[in-house]
Amino acid sequence: MAAKEVKFGNTARQKMLKGVNILADSVKVTLGPKGRNVVLDKSYGSPVITKDGVSVAKEIELEDKFENMGAQMVKEVASKANDEAGDGTTTATVLAQAIVNEGLKSVAAGMNPMDLKRGIDKAVIAAVEELKKISQPCADSKAIAQVATISANADHTIGEIIAQAMDKVGQEGVITVEEGQALTDELDVVEGMQFDRGYLSPYFINNQESGSVELDNPFILLIDKKISNIRELLPVLEGVSKAGKPLLIIAEDVEGEALATLVVNNMRGIVKVAAVKAPGFGDRRKAMLQDIAVLTGGTVVSEEIGMELEKTQLEDLGTAKRVVITKDNTTVVDGNGDDTAIDGRVNQIKQQMEDTTSDYDREKLQERLAKLAGGVAVIKVGAATEMEMKEKKARVEDALHATRAAVEEGVVPGGGVALVRAASKLAELRGDNEEQNVGIRLALRAMEAPLRQIAMNAGAEGSVVANNVRAGEGNYGYNAGNDTYGDMLEMGILDPTKVTRSALQFAASVGALMITTEAMIADIPQDDNAGGMPGGDMGGMGGMGGMM
């Protein structure tokens, strides 16, 4: 085991503070509409230019082990805020830096760190309640566009396109962000349920122009096993043929004799039919088949529930207004499922999303939810260069997360005003002793830090702006974009309540832990030269010639 170096008390805290300040100073320059860019060197390819706080934080690794510990703890604040609300990483970092700097001054002056921590916790709990009181619902398209614009660093085109996407697919719908091919941003909307499986044979194609299969008012057979024997399918094919409607088969696979017979029947016009593989694998495939069944009003033919393909009736088949199948995708439009059953399925998936601990599972459940409840919108980001594309795509993703957070918990005045208002309401808050009171005042003072930093990045004097905003009431605040004061909501400067709340809670949590640090332990750096192989021994290799 490697030898360790241990630092205690103020020496340890000062080292940690230095790391905190290096990381926070690098991140906080990006805050606000006049925030600056940070250039990140990459070992491969061109440098990356970003205004995304968490991207900057992730790049920072310090040589000194003790300083690095401080930096990594603040990096955790940014990551947690990003995971919880998808935005607010820079605000969280600025708050954490302010709490740690103020807190360590008080500890150095001889105050009890544990009482300071209790005071900070008390102030944050009260501030979160105040934020909830001043929060307003964010329901209309205009407010959504404003939130997205602010999060995308005042880019109105991004705000508008996200608002359009939410209008089209609803608040439950899935919105994905991709790199586009054009110079401008584009929005593609897929209505109905789409999954990434195409036709099993090109002989099913009936629209030669688009190279797709189009079925109007088809029956839909859902089965969770492979079909290779055509005899199993004959009763269904006969029933569908008599009804004079097309048939879509969604199965684990259709192969051999069964597929060949379907192709021949389709080409001869005996029955209009197409087959695709079921989406997903394993348990996820079963769940998605059940989703399609609920959406189309059908039943999944499964031996697990005692159903056999030979005994399947027309009543067991789902129906939809239209199905379009391309080489890669199948889209079911206007399934004829029962609305109550669909709502029940949606609620079931929402419950699973709450229960799961896996981010991957949650993402897949969100996709399934969107396909049932709304639709899928794809924002294709346009830019002139690859460097600009990457930077812009990151901003669009941030804006999308912020918008979802706003819809979830509402909005508060932006530009750091909400935290200033919450702090001013808590001027009378008291702890159990004087040191807790210092902790409370310390946290309330730190809550002004984001506003001061936004002003400083815009070239204004932070203290003057903070005093002017404190003198106002309600939504009155400072618009750093054009250096004016006024009603933040009327000027369209909004922050999602969830983003502001998460930033404050995570910053206070980690900041208070750092204040209470009394010892730090790290590996002693190894001297690389000391471990080198002695050069003299290799001389003996010359004698190997005598072996020949």
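Cβ atoms here come from the backbone N, Cα and C positions, even for glycine.
Among the candidates D334, D338, D495, the residue that Swiss-Prot names alongside T30, L31, G32, P33, K51, D87, G88, T89, T90, T91, G415 for the ATP site is D495. The number of other Cβ atoms within 10 Å of the Cβ belonging to T30 (ATP binding site), over all protein chains shown, comes to 22.
DSSP gives T90 (ATP binding site) a helix state. Neighbour counts were taken at the CB atom with a 10 A radius for the binding-site residues G32, G88, G415; the maximum falls on G88. The binding residues for ATP are recorded as T30, L31, G32, P33, K51, D87, G88, T89, T90, T91, G415, D495; their greatest pairwise CA distance is 17 Å.
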